[in-house]
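K.L.:
The structure is given below, and queries will be raised subsequently.
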Amino acid sequence: MGERTPLLHYRLAASGHEDSGEHRTREESAERRAVRRRSAHGQPQKLSTFFGVVIPTLLSMFSVVVFLRIGFVVGQCGLYQAVVMFLVAYFIISMTVLSICAISTNGALDAGGAYYMISRALGPEFGGSIGIMFFLANVCGSALYVLGLVEAILATFGRPEDGLGHAPHYAVMPVGYWWSLLYASVILLLCVLVCLIGAHIYAKATFLIFMVVMVVLFTIFISFFAVRPHNIPLPSILGNLSSSPTTANFTSFKLDTLLGNLKADYTVDYTTGMTMTFATVFAVMFNGCTGIMAGSNMSGDLRNPSYSIPRGTITAVIFTFITYNLLSLLVACTCDRVLLQRDYSFLRDINLWRPFVTIGVYSSTLSAAMSNLIGASRILYALARDDLFGKVLSPARKTSGNGNPWVSVLISWFLVQLVLFSGKLNTIASIVTIFFLLVYAAVDLACLALEWASAPNFRPTFRYFTWHTCVLGIVGCGVMMFLINAIYTSASIAFMLLLLLLIHYLSPTSSWGYISQALIFHQVRKYLLMLDVRKDHVKFWRPQVLLMVANPRANVGLITFINDIKKSGLYVLGHVQIGDLASLPSDPLQCQYDSWLSLVDHLNIKAFVNLTLADSVRHGVQHLLFISGLGGMRPNTLVLGFYDDIPPKDRLQDRSFHSSRSLENPVFPDEPEDPVFHFPPLRGSMDGAWQGKVIGPQEYVSVIADAVKMLKNVALARYFCQFDHTRARQNAVFVDVWPVNLLRPDSCSYVDTCSLFLLQLACILNMTRAWRKARLRLFLCVETGRSLKEAERKLGQLLKELRMKADIFTVPWDAQVALHWQRQTSSKKRKKNGGETEEEAELEEEEEEEEPEEEEYANGYHSNTSRLTDDYLLAVNRLISDQPCPPPAVRFLYLPRPPADTRRYCDYLHQLELLSRDLGPTLLIHGVTPVITTDL
């Protein structure tokens, strides 16, 4: 029976009926649609546990191993080690069986078997990659069984290739490579004709094949008792040594025979000339323990999959385990060790009727080849329907009138035919086994992920599993893969990862759910609980920004810039919609989240989105500052767009404002269905009516004051509609920093909290990859009476202690300061001469009275709002803009806190407007907490 082919028949037990189920993996929104489709195709769910699960699994696990491999295992390992091997092997597959039972009882299981389980549990990437490997395993498995059947036929009916030696009269078939290929092609053609007609023909024959195998197995057991002891001629071995015995004994039941077969006796395999070891024998034997998914792959045709799969699979596994061990015991008691080591087809020679075993081998092998071909076509059809590979597999979706995927059958037949040209059976057998073990490990991984995710909807009725059994199954399958062939295993895993990445970037979004999201949620929640705000330290401070966005159409430049400045910190896009939930039929914000999240994706930024509904912008910002974030991840910096009258421009559709990623896949208004463009039109635009601002200057400054009271840093962003991030990323640009409170010329200190926060943000920006080429320019305003070199030296020393690299420029501003003091002097003269109005005097008195109370604010400086003239502010503005070229990409200016008197809010905003007028992209920054330290 093919003894001249190295270990051929000992590798033919890879899953024979592994994939006879219909592989349909498109998830339907309602179960009745699946039922209606099956009824239309004449495929009602009517198979019982015995016919739908037990029989396919038994045939798959038995295959030809029960006829050709038992003697090999016992002869090499002895009875003791053989039993240990079966215990270890069945322990490994039992762990996977538990995972299969758990997943199959967690809700409605549609057709598709292992691929359906993995793809729906682990997502399209993992499921698709495993599905392709499952398909290839079935293709190679079909070729393996066809070639194995050809070898088995030629071993009986083939003429000797050299024409020498005595041949029986029935050995009439010519042999050779091309003859073998012809026989294999004819057998494969027969299989494909059956598949093209319909899978129901093979389904009706399954029970008949099962009965044939059971009858043959029954005759084998009877033969041990009924056949008398006799000598059996041994086949020739490699080298044809004259000293080798030519016969061996079938002793029937003898104690001496049993004692001689108890211990291991590893010797040279007579078919390959290789010395066997425990590992090599175990790898060969384990191929006969696969095939446990044949029943689960029939899920689409079962009457009650959740009931049948666990009971049927476990029954089949227990039955095969008992059969293998009982057969090993009978062989060890009745067959001489020489017979077991020198004749792997000895069961034929001791059978009541020799052709019985041959019939069993032929029927099981032909059934396995046909089953793998059908399974491969169904897997390919399922992959095509799931649209994981786009147009590449689109032809495989075509079906006949009764729902038979004939194109998938033809593609599978073509690939099997290509594999037949190789003719390397041992190589094919190893690859098939490794691929199936990889699928088993993936099922264990799917069950493990569902268990670890602790999702409330994962509550299978089969509860005899834990995450420990899943891990043991994964480890066991992994060890077996490397034990069979480490090189093929490594290549298979690399191929799977390559497919995973390919599907991740090319496949469309699925509605199956992503287990990765559940696992991430589980881990993030755990680590958020461990993030203790009481353990915050200035050494590990990082910006956590809440950027308020009125309409993203006009704020793309600012959004991308703040993404650069966050430095791996929290980044939240906030938006306030004016409204009252009590007067609305539903929450208007829920339908807007998709648009905002799509914006985040297209701009390639790392940000969260937080929307709120409030009666005013001020209250909405308060809401977001209070509730944004979780645990220790809460915003510490509020960024607002500047309040001015510049008409907004729609920058969202400007290609220059998209990141490099979004430029590769730009989204333009010719795709109105894309959620990115579901933002309302800008005020004053042609698409929408003119609407006034939703916030006034008084309320705007109140928002700033509220943030300072809540100990949040504040930044006001102006002219970022002019910000060109491509220039910053491609060229060496400048970032100008003015760490002096320009609204307080009488206090030119640059070592307060706000100044250091300004320096820290500039340094953080310079540390990001996009701004690494930028050069910081630090401008120090000094008066002529002070030593310029001394001031520059002190600032340089400070930067050295803070580990910051910047170019220092000293800027004389005597003329600007003179304008300020001139205003103060004239005010005092008016007051002395009585020229000051009663209202002005009252305001100044109130300001002087409130100064001591203002020490409560972070920077400790009292407001100077009413004492600054427009001439002074315009002079300072010119001082900033007249600095040496080239102009900077962005400027950082010191933002003084708002005045305590709310009546001066408009003056405060007016002064900021004059100070930053026409300066280009500018960030006015106010810091309230220490963010930098010189300590180690």
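Each residue's number is its place along the chain shown, starting with 1.
Note that Cβ sites are derived from N, Cα and C of the backbone, with glycine treated the same way.
Grabbed the feature section from TrEMBL, which reads as follows:
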- 47-70: transmembrane segment (TRANSMEM)
- 82-109: transmembrane segment (TRANSMEM)
- 130-157: transmembrane segment (TRANSMEM)
- 177-199: transmembrane segment (TRANSMEM)
- 206-227: transmembrane segment (TRANSMEM)
- 276-295: transmembrane segment (TRANSMEM)
- 316-339: transmembrane segment (TRANSMEM)
- 359-384: transmembrane segment (TRANSMEM)
- 405-422: transmembrane segment (TRANSMEM)
- 428-453: transmembrane segment (TRANSMEM)
- 465-487: transmembrane segment (TRANSMEM)
- 493-515: transmembrane segment (TRANSMEM)
- 558-645: domain 'SLC12A transporter C-terminal' (DOMAIN)
- 761-928: domain 'SLC12A transporter C-terminal' (DOMAIN)
- 826-864: region 'Disordered' (REGION)
- 836-857: compositional bias 'Acidic residues' (COMPBIAS)
K.L.:
Are there at least 3 C-beta pairs under 8 angstroms linking the transmembrane segment (177-199) and the transmembrane segment (316-339), leaving out pairs fewer than 6 apart in sequence?
P.N.:
no
K.L.:
Flag the pair the transmembrane segment (47-70) / the transmembrane segment (177-199) as in contact if three or more Cβ pairs fall under 8 Å (sequence separation 6 or more).
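P.N.:
These two segments do not touch.
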K.L.:
Take a look at 82-109, 276-295, 359-384, 405-422, 428-453 and tell me which one has the most Cβ pairs under 8 Å to the transmembrane segment (465-487).
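P.N.:
Most contacts with the transmembrane segment (465-487): 428-453.
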K.L.:
Assess whether the transmembrane segment (276-295) lies in contact with the transmembrane segment (428-453), where contact requires at least three Cβ pairs under 8 Å among residues 6 or more apart in sequence.
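P.N.:
Contact between the transmembrane segment (428-453) and the transmembrane segment (276-295): present, because at least 3 Cβ pairs are under 8 Å.
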K.L.:
Looking only at residues six or more beyond either end of the transmembrane segment (405-422), which have a C-beta under 8 A from one in the stretch?
P.N.:
135, 138-140, 142-143, 146-147, 181, 184-185, 188, 191-192, 195-196, 373-374, 376-378, 380-381, 384, 395-399, 428
K.L.:
Apart from its near flanks, which chain residues at least 6 from the ends of the transmembrane segment (428-453) lie with a Cβ under 8 angstroms of it?
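P.N.:
Sequence-distant neighbours of the transmembrane segment (428-453): 7, 11-12, 14-15, 18, 93, 95-96, 98-100, 102-103, 106, 114, 117-118, 121-122, 126, 130, 133-134, 136-137, 140-141, 143-144, 147, 286-287, 290, 292-293, 419, 422, 465-467, 470-471, 473-474, 477-478, 480-481, 484-485, 488-489, 492-493, 496, 515, 518-519, 521-522.
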K.L.:
Sort out the residues at least 6 away from either end of the transmembrane segment (177-199), same chain, that have Cβ-Cβ distances under 8 Å to it, and list them.
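P.N.:
Residues 20, 22, 142-143, 146-147, 149-151, 153-154, 366, 369-370, 373-374, 377, 402, 404, 406, 409-410, 413, 416-417, 420-421, 423.
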K.L.:
Please list the DSSP helix, strand and coil residue counts for the domain 'SLC12A transporter C-terminal' (558-645).
P.N.:
36 helix, 22 strand, 30 coil
K.L.:
Given the model, what does the mean pLDDT over the domain 'SLC12A transporter C-terminal' (558-645) come out as?
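P.N.:
Over the domain 'SLC12A transporter C-terminal' (558-645), the predicted model scores a mean pLDDT of 90.
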